[in-house]
Every structure is written in structure tokens, then in C-alpha cells.
């Protein structure tokens, strides 16, 4: 799920109580084939006493749940009935030899035009847990998103207590304005996009916003029962803290990978990340109701939506006893609580068992070092811009290269290799071309280069990538997402990465396995993965995970 700007890393791997299930048919796979139809249509929705027409799937906001089991094949026909081009990304799905189904427009496919359709066809292999799907062109994902729930194979159980009920909760954003107009204005002026008007739980902003008491998400629980909350941050730009008053949560899964359970009162979830938690209700119904809150974690210099979404957890009791209950409110960390975030993220560990191993590469064939941050682009002639100066635009970059979105899908041009050189170049730098003190005093020249540049690596290469935040135009946390793959987070820290002293501290025993990670503000993170998918694999940071600090002109780089 980029915002503005977008950072894209692309890797060529050279070939060398749920709703009823959808229609299901037998298949040659170990599971069955499940069919869905997504009709992209306009729908009038009212929030904050503001009614507008939004792009939806099947008229629902958020969109419908997609439910599948590990080993099943998913076939989704998307029919576009709106004026906008669109595509759907299956965020976090390991697209093993099904790169055509990943969904980012102009990367793995051309977008679906008005009146046309596209069929996504892929198999869920070795994954179970919570992921999500969303539009992957411009900012349509502001309203086009929904949960992707992967259940274990039949007759297999969770590696934790069986929950009484499973509840998906999606964090989102609401704009009174048209999100497409917001991002288009930002790209035109080079300034940060206007922020959202509210955060939401399952599309509802809650009682802390104007005119929204009736639009409040409520979670009703029974005393003594355990609930599995499937939490997804589908917000465009913001990392969010989350807490429920007077209740602790046990984290059991992240990005559809089981983790060693740990308890916490507060979570931080980066855009694009999912977290499954167990909530055990109190043994007897208390004489209170409980607020659940989410608000942003922010460290950058840009503007952001500094508001709080609220939902209500209430115990099921005779209706006569609901009156006059006190409403308890949880505490949340300070909005810039970087140390809390670092401590929280360090608690995630893979199960690393025989059944759920941590297959982190112990040796590395290819190493990459990518700076991740902001820069500038010149303002077009005869135009006043709103970047750091009125003659520049903000731009995101990796290794000082800002991605130029092609007009031909990269995977298509790779397949028809006779003209691929006209679409992209395979010369993205593995290391910064001009090293500097990345988290110290920034260089005077902040201009970025532009290009559609990729990195090609041999099939089954073991890869290590260090992602380094920079202080150029302000240090901030940058969420980054790897398309079609998972990776292991083997290390992270503050300041500049030390290639001599930091690697010996890497966790190569039970590092967490994810598809989205936040690069620490003023710091670095190191990830490893095996390039075992013989197609175009792509890494896209800020694609569905956006910057909190708005800077237009999609910037990007490639792996």
C-alpha cells in the first residue's frame, strides 16, 4: 500500500465468526480452488457528516473478506466499472511463480481499464494467518482494501489456544476530500499531500471525531472467552499505536507468520503490517466499558493526521445493566516514542521449531546497502513549487535514485525481453555512489537522480539488504514492503550501520519473518532472504506502506 513519495525496490530473479466461504471447487492442488468476484464500483458513503462517492469493491467499505486455507488456490475476477484505472495487490502473499498475480500497476501488470476485467490466480503456499488486499495504483487504496484471512489446513490447529471467536480489525484513514485529488495536487506542487481527516476501525472513525458517535466500531465479548484479533494497518501513511483500556494482548503472529508469544498493553503497527493478538476477556463482566484507541507514531518534519480513532469494547450482559457504566481510556506512548517502538519491535521472534522453522540464510551471496530518505527535484520552469524551497519538489530516493514509473509493466517487458532495455536498466547501485554521514549533517546537494533501474540476481541467491535512514530533510521511520517474498529481520539499530561491528550481533537463530518492516528513524535495519522465486520478485517500500511525511514525486529504487 506508496504514498507520496513512493520508494520501490525491484528484484529480478533470473531463471536458472466468519462469513460463508465463496464458491469452491476441487483442484489438483492440495487444497481447493476458491472463486471471488470483485466488482469495482462507486458508492456514496457518509463519514464525519460528509457524504461523497468513493471507489469500492462490491459497494463495501472496507471491502469484503477473502477467506482461504493454506494450500488453496484463489481465483479472483476483478471487473472495473469506474472511470479510474485499477489493480489489486495481494499484500504479503508469496507469489511463487505467479508474479503476474501480484498486482502493482506498471510493475507486474498494466492497470485494469474501465469496462475491462482481470483474473488473479495464485496458490497460498506455506502461509497461514492474516494478510490483506488493496488497490495498487495512485491512492485508490484509501477506500479499496480488505482482509485476506488464511486459515490453517483442515485438521491442523493453531500453535496457541483455540480462540472462541476471530475478529478482523482494519486500521484505515478517511479523507473528506477525494484522495485522488489530494495526491494529484501534491505531485503537481511538489509539497506534502494534505493529511486525512480521521483514522478508522473497519471504516468507522468513532466518537472522538465530529458527528461520528453513531459511526463507532464496537467489539462485544463474553466473560472468560479468548478472542483472536486480526489487526491490519491499512492506513496510507501512518504507523499507529493501538491499545485497549485495562486489557493486555498476547502477540502470536506477524505478517502471516507465527511468532513466540509475548504480552503487551500497547502495539505499534506499521502501514502494511498485520498482527494477530489474543484477547482474553475478564472472567466476570466488569461494571465498565473500555475504549480501544489508535493514534500515530511520528518522527519526521512533515505534517500528519494528529488525531485518535476510538472504538468500544463492551461485555455482553443483560441490557438493563449497560446503563451508567464508566468508560475507561487506555494510555498510549508519546507520539514520537522511538525508544518504545524499538523495544516493542525487538520482542518479535520466530517460533523456530521443527514444524515452523526459521530458515534464515546463514551465509550471504549478495549484499546491498540502500539509503532510504528524502531529497529534492527541480521545479518545472515557470512554476512555483511547495518543496523545501519554491524552486524544488520533495522526492523520495534510495541510493539517491528516484523511481520513474514506466508506461509498460516491468514484468511484461521482462517477458518480452527483446524490448526490455527500452523500459528499464539493470544498473541500480548496490551501495551509495557517494557515501556520507547518513544520520549526521546532511550534504548541501539534495538533488536526486531519476530512473527506472533494477538489479538482476541469480536464482536461489541468498541476499542481505541493509536499509539506512538518512537525515536529509529530516530523519524519520520509513516502512518498506517486499513484494512476493518474506524476509528475516536479522538486525537493527540507531545511527549509521557499522559493517564491521554490527553483523556479529545479527540474530541468525530466531529472527522474525515479515513482509513489511519499518526502517528506524535515524537508524538502520538489516534483512535477509533467499531469492527462490524464479520470476520478477519485487520489493516495494512505500507502496502500500506510505510515508507519513508527505513528499510527492514517487521516488524509488530497485534491488
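Each Cβ is built from the backbone N, Cα and C atoms, and glycine gets one as well.
What TrEMBL says about this protein:
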{"type": "SIGNAL", "residues": "1-27", "note": "signal peptide"}
{"type": "DOMAIN", "residues": "40-154", "note": "domain 'Plastocyanin-like'"}
{"type": "DOMAIN", "residues": "166-316", "note": "domain 'Plastocyanin-like'"}
{"type": "DOMAIN", "residues": "433-534", "note": "domain 'Plastocyanin-like'"}
{"type": "REGION", "residues": "540-559", "note": "region 'Disordered'"}
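In the predicted model, the domain 'Plastocyanin-like' (433-534) shows an average pLDDT of 94. Shown for the domain 'Plastocyanin-like' (40-154): DSSP residue counts in helix, strand and coil, namely 6 helix, 58 strand, 51 coil. Sorting the domain 'Plastocyanin-like' (433-534) by DSSP state (H, G, I as helix; E, B as strand; all else coil) yields 3 helix, 48 strand, 51 coil.
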